[in-house]
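Peer 1: Below is a structure I'd like to ask you about.
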Amino acid sequence: MASSAASGMRKAPSLEWRWVSTEEDDEEDRGGRGGDAAVGAVGRGGSFESEDEEDAEDEDEREGKKRLIRTVPSVDWFDVEGNEVSVGQQVEDTEEFDFGRTMFLALQTLAVVFGDIGIGPLYTFDVMFNKYPIQGEEDVLGALSLVLYTLILMPLVKYVLVVLWANDDGEGGIFALYSLICRNAKVSLIPNQVHSEKRMSSFRLKLPTPELERSIKVKEKLESSLLLKKLLLGLVLFGTSMFISNGVITPAMSVLSAVSGLKVGIRNTSQDVVVMISVALLVILFSVQRYATSKVGFALGPSLLVWFCCLGGIGIYNLSLFGPTAFMAFNPLYIIYYFGRNPFQAWLSLGGCLLCATGSEAIFSNLCHFPVRYVQYMFMLLVLPCLVLAYLGQAAFLIANPKSSEQVFFSSIPIGVFWPVFLVANLAALIASRTMTVAIFQCLKQSIALGCFPRLKIVHTSRKFMAKIYIPVVNWLLLVSCLGFIVLFRSIYDVGNAYAIAELGVMIMATVYVTIIMLLIWESNIVKVLSFVITFLFLELIFFSSALSSVGDGGWALLIFASVLFMIMFIWNYGSKLKYDSEVKQKLSKDLMRKLGPNLGTIRAPGLGLVCSDIVKGVPAIFGHFLTSLPAIHSIIVFVCIRNVPVPVVPQSERFLFQRVCSRGYHMFRCIARYGYKDKKQEHHSVFERLLIEGLEKFIQREAVELSLQSEDDVDSDEEPPTPVKIITAPNGSLYSLDVPLLADYTPSTEVIPEAICSTPQHDPVLDYAQNLELELAFIKQSKQSGAVYLIDSPIIKARKDSWFFKKLMINYFFAFLRNNCRRAIMLMSIPHSNMMQVRMTSYV
């Protein structure tokens with residue numbers, strides 16, 4: 001075991017970069033910070049990095065002359081546990097080429113990633129020419145030139161070639177960008193990330209280099225400015241609300257435009273019939289959404305392949321029938337002519353032009369575990385050529401038939417294949433709707449994991465693929481919202497105006513975050529960064545101004561919907577931060593626990609007590625309430641904190657982090673159970689207990705091996721400064737001071753009792769580590785047989801009486817309503833009521 005631990009240390013990353021003052025640099029050169037000093041830190045229990053040490057480092061960085069130097073990170077138990085799986089995870093990179101698997105992934109990529117962008121030809125020219133009536137051939141060529149270059153710049157250059165590389169271990173979306181930034185800079189407003197999480201094998205980040213000091217300066221600016229932290233959070237909440245709104249508009253726009261083809265096939269079809277059929281199709285779609293996620297998904301790839309072939313084939317047919325004049329639109333001068341003929345109407349039509357790029361964000365959000373290269377190749381070799389041919393063919397049709405500016409796509413279909421293409425178009429519209437719905441499920445799961453959205457029930461629909469999820473509440477909310485938009489507006493023109501606003505809101509936020517990633521993580525050349533942000537932000541703001549001009553035509557409903565979502569996420573995040581800060585302030589100190597003694601001032605009964613709370617460091621205040629209220633406490637106490645860390649998946653071997661609280665005689669441990677935002681958390685309580693105990697035994701065994709190699713006594717590694725005397729009120733109204741044992745006249749028996757075997761005095765050195773290990777493992781086994789009890793902390797926060805009115809409204813009513821109607825992480829496990837004790841403490845903030 002010692003050799004395995006040593007080999008794990010040799011594999012650990014050994015270098016980091018940080019800013020230090022000149023004096024500190026000189027001192028490190030004299031004293032050295034390598035080998036022995038690092039290894040000496042191991043074996044004293046797992047060590048969460050001290051907050052005082054972090055504050056001291058920040059203070060040093062603000063004083064004196066700074067240099068970017070290379071340092072050796074301290075090695076602790078969490079580093080050793082985390083690095084054990086790092087080598088094994090690299091085996092999959094050398095898989096041999098498999099043609100069958102490649103084709104399967106290609107079809108799946110079509111169905112999951114490109115469904116939304118593939119239906120743009122159904123409505124793009126319809127909405128554009130509704131704002132800019134066709135008066136000549138130049139108008140069609142100018143509009144086509146706008147569409148072509150928008151299609152090249154937005155989906156291809158920005159998303160496929162740049163943004164896709166900003167994925168978070170295969171995960172895409174606006175929250176994945178925010179998560180990536182949070183893991184490289186301390187910008188999260190809920191500071192509950194422990195230092196050792198940065199060593200997790202899922203954290204594969206490029207460290208700063210001496211040659212690129214700009215990224216370090218950007219990091220310091222982000223970490224030191226509270227305004228920038230709030231701004232980043234506000235932007236991600238705004239982007240998420242717009243993305244969810246986009247998911248409401250996409251099904252309405254897609255299905256409504258596809259069903260509108262009936263007006264071409266059956267001339268007397270009324271709009272009421274189109275609306276009723278669209279409503280029926282959406283009800284069916286969302287009713288089978290749970291099953292389509294896993295059961296029908298394999299059939300969607302070939303369906304999309306047929307659809308893209310139809311787009312390309314119809315485009316080629318129209319070009320051969322009406323001539324190649326449309327190819328002149330590749331000359332960008334036609335864009336200038338387009339704006340020169342009628343600048344105001346051309347500007348208004350920009351909102352419709354952007355509809356050709358709707359689905360660009362879905363390409364990134366639905367990335368999941370598809371390799372980036374697959375997505376890029378599929379877009380450039382199949383999707384983009386078919387879309388270009390489709391728009392060229394429609395333009396050729398419009399040049400020959402300038403008065404047929406409504407239902408352009410269906411009007412340009414050859415009569416002999418109209419109904420088969422109509423059916424395929426409706427199927428493609430349903431697939432596009434499903435694509436956005438799945439993307440919203442993934443986005444909300446990420447936001448829930450990062451504490452920016454209330455916890456909801458998440459159903460995993462596949463045993464093999466964890467990314468396939470279904471959120472029932474969100475599914476039905478999207479259905480009701482889609483039906484409301486269709487019934488309210490009834491026309492693709494008004495719905496299209498709202499569609500452009502939602503898409504552009506997400507695009508602008510993605511541009512901002514990718515720019516930060518280019519500066520902070522990629523360390524890109526400043527010329528490339530400026531070129532990216534100036535080009536795309538300028539274009540998106542121009543498109544956005546055009547889309548906002550149509551707020552009165554349909555965009556107002558979307559803005560109201562997005563505002564409600566934004567307020568829900570803001571209130572939840574704000575209340576969660578206040579609750580976390582309140583719990584941190586009320587936590588008990590280590591000095592207080594030492595004064596109580598190993599028996600904690602009460603009787604230690606056999607069994608395992610799992611005290612569940614949300615704080616990472618320190619003893620939660622609820623534990624003091626248990627001591628004053630219960631006549632006995634369990635022989636082994638584990639303070640459990642279930643945390644969602646900003647990585648997609650946490651390996652099972654790295655799930656639990658342990659640390660000993662006080663000395664061995666207390667039998668108290670701290671445990672952090674870490675879950676990524678793609679991990680399945682609905683574990684049975686017996687499975688959770690088994691994994692926790694296995695991790696605890698492994699921790700104790702490693703600790704004993706390292707302690708046997710040291711000559712020092714057991715030293716606590718989680719020191720905290722003394723705190724004032726704590727007075728706790730029991731339920732009966734009595735006041736207790738925790739500075740003295742609660743049962744001062746109680747003297748533990750010196751007879752042979754199982755609980756006392758390992759309860760050594762606090763200051764007695766433990767010399768026989770092997771014997772102590774066997775006794776402690778036997779003690780844990782006996783406690784496990786006695787059963788586990790969950791002591792759950794359910795704090796309630798309320799605004800103080802002197803708080804301003806809006807704070808009282810948000811905390812006492814809105815946040816309380818959200819918290820009472822959402823799920824807790826610990827409640828996801830099926831814990832029997834006989835094994836659970838829940839206590840609520842009210843705190844005023």
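Glycine residues also receive a Cβ, built from the backbone N, Cα and C atoms like all the rest.
The region 'Disordered' annotation in TrEMBL covers 1-65. If you look up TrEMBL, you'll see 34-46 marked as compositional bias 'Gly residues'. The compositional bias 'Acidic residues' annotation in TrEMBL covers 49-61. Residues or ranges marked as transmembrane segment by TrEMBL: 104-123, 143-166, 231-253, 273-292, 304-327, 347-367, 379-400, 412-432, 473-493, 499-522, 529-548, 554-575. According to TrEMBL, the feature domain 'K+ potassium transporter integral membrane' maps to 105-590. Here TrEMBL flags 606-841 as domain 'K+ potassium transporter C-terminal'.
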Peer 1: Taking 3+ C-beta pairs under 8 angstroms (sequence gap of 6 or more) as contact, is the transmembrane segment (143-166) in contact with the transmembrane segment (347-367)?
Peer 2: yes
Peer 1: Below 8 angstroms Cβ to Cβ, which residues of this chain, lying six or more residues outside the transmembrane segment (473-493), approach it?
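Peer 2: The answer is 123, 126-127, 130, 247-249, 251-253, 255-257, 260, 271, 275, 278-279, 282-283, 286, 289-290, 437, 440-441, 444, 456-457, 553-554, 557, 561.
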Peer 1: With CB pairs under 8 Å as the measure, which of the listed stretches 104-123, 273-292, 304-327, 529-548 comes out on top against the transmembrane segment (347-367)?
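Peer 2: It is 104-123, which has the most Cβ pairs under 8 Å.
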Peer 1: Might you confirm whether the transmembrane segment (554-575) is in contact with the transmembrane segment (499-522), defined here as three or more C-beta pairs under 8 A between residues 6 or more apart in sequence?
Peer 2: yes
Peer 1: If we skip the immediate neighbours and take only residues 6+ beyond the ends of the transmembrane segment (529-548), which ones have a Cβ under 8 Å from one of its Cβ atoms?
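Peer 2: Tertiary neighbours of the transmembrane segment (529-548) are 153-154, 158, 162, 347-351, 353-354, 497, 500-501, 504-505, 507-508, 511-512, 514-515, 518-519, 555.
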